[in-house]
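One structure is given here, and the rest of the page talks about it.
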Amino acid sequence: MNMQRLAAVTALILGLAGHAVPVRAEMLGHGAMVNAVAVSADGRRLLSASWDYTVRLWDLAKQSELKVFDGHTASVNAVAFLPDGKSALSASWDHTVIRWDLNSGKETARLTGHVNNIAGMALSRDGRKLATASWDRTIKLWNLSTNAVEHTFEGHQANVMQVAFALEDTQLVSVGYDQTVRLWSVASGKELFSLTGHRASVNAVAVTPDGKTALTGSTDGQIKRWDLLEQREIGSLPGHAAFITSIAISKDGRFALSGGGDRLMRLWDLKDGRQLKQFAGHEKPVWSVAFTPDGKRAVSGGYDMVIKVWSLETGAQIPAPKS
């Protein structure tokens, strides 16, 4: 190796100081931050949504891109598989939700009604209803058979950031910039109660499979646990050193994942609130997290435009198989 080449290699290594040099264990393709990730029910495919206005479908085992869905005209902030595994939904800052045929890549329906950015969405367990959270300060409940709005939930005093179904899909939990956690009746569209405790905007919410406990994450760096039946805070998950962007709960309800501005994804034991692992590898904030259905892997999407797959047992990134 000549001296010029040695100097170049040395400069590259020094330029990476402070960051772990990653193995090839990431999915590249998006041209901007990855806002959301969702894993299919069989664990074989992944959907991602990005600030680059696209939705992408991936083979999770191969970590390879299968399809790109173009149609939104602004950042795509949420994505979900429908239970049939043949269709998907995406929600965007263009104020719309698009339904996609995963085989053809074509748009099959578009839901309109919000008058500002849609920041988050949640599907009912049977896939018949969709809840969307918007910067127009409302949540809308949609009937996916008719694509019609069944209820518009009003009460938040600022942007609504995320929503989740709770208590056997009879209620909704929403969070927003007004620092509140609100519970709503799906049947009546009425607010049931509001919870306070965060000291800054609340960006993320996830509900345990039994529907009785919610986790919320805030710009204040706190993850709080709420008993939805008793309507009170029951604990917190301390550890992140910056804002919380996303939370996911495992299918069995035993564990949670969180992502934040500290560039880390963290794994929590929900029985006692202990942090079990932290996953370092993103060069910028972790913006989205998800479990695989078998609970053995996790997926994270970042502001650094990459998607990473992790082993929950070892805490290591899972490299893509050699082609």
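Just so you know, glycine gets a Cβ as well, placed from its N, Cα and C.
Note: TrEMBL annotation is automatic and uncurated.
As recorded in TrEMBL, the features of this protein are as follows:
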- 1-25: signal peptide (SIGNAL)
- 27-68: repeat 'WD' (REPEAT)
- 69-110: repeat 'WD' (REPEAT)
- 111-152: repeat 'WD' (REPEAT)
- 153-194: repeat 'WD' (REPEAT)
- 195-236: repeat 'WD' (REPEAT)
- 237-278: repeat 'WD' (REPEAT)
- 279-320: repeat 'WD' (REPEAT)
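It is 27-68 that, among the stretches 27-68, 69-110, 111-152, 195-236, forms the most Cβ pairs under 8 Å with the repeat 'WD' (279-320). When averaged over the repeat 'WD' (279-320), pLDDT in the model lands at 96. Long-range contacts of the repeat 'WD' (27-68) within its own chain (CB-CB distance under 8 A, at least 6 residues past either end) are made by residues 74-81, 83, 85, 88, 90, 92, 100, 102, 105, 284, 287-294, 299-309, 320-321, 323.
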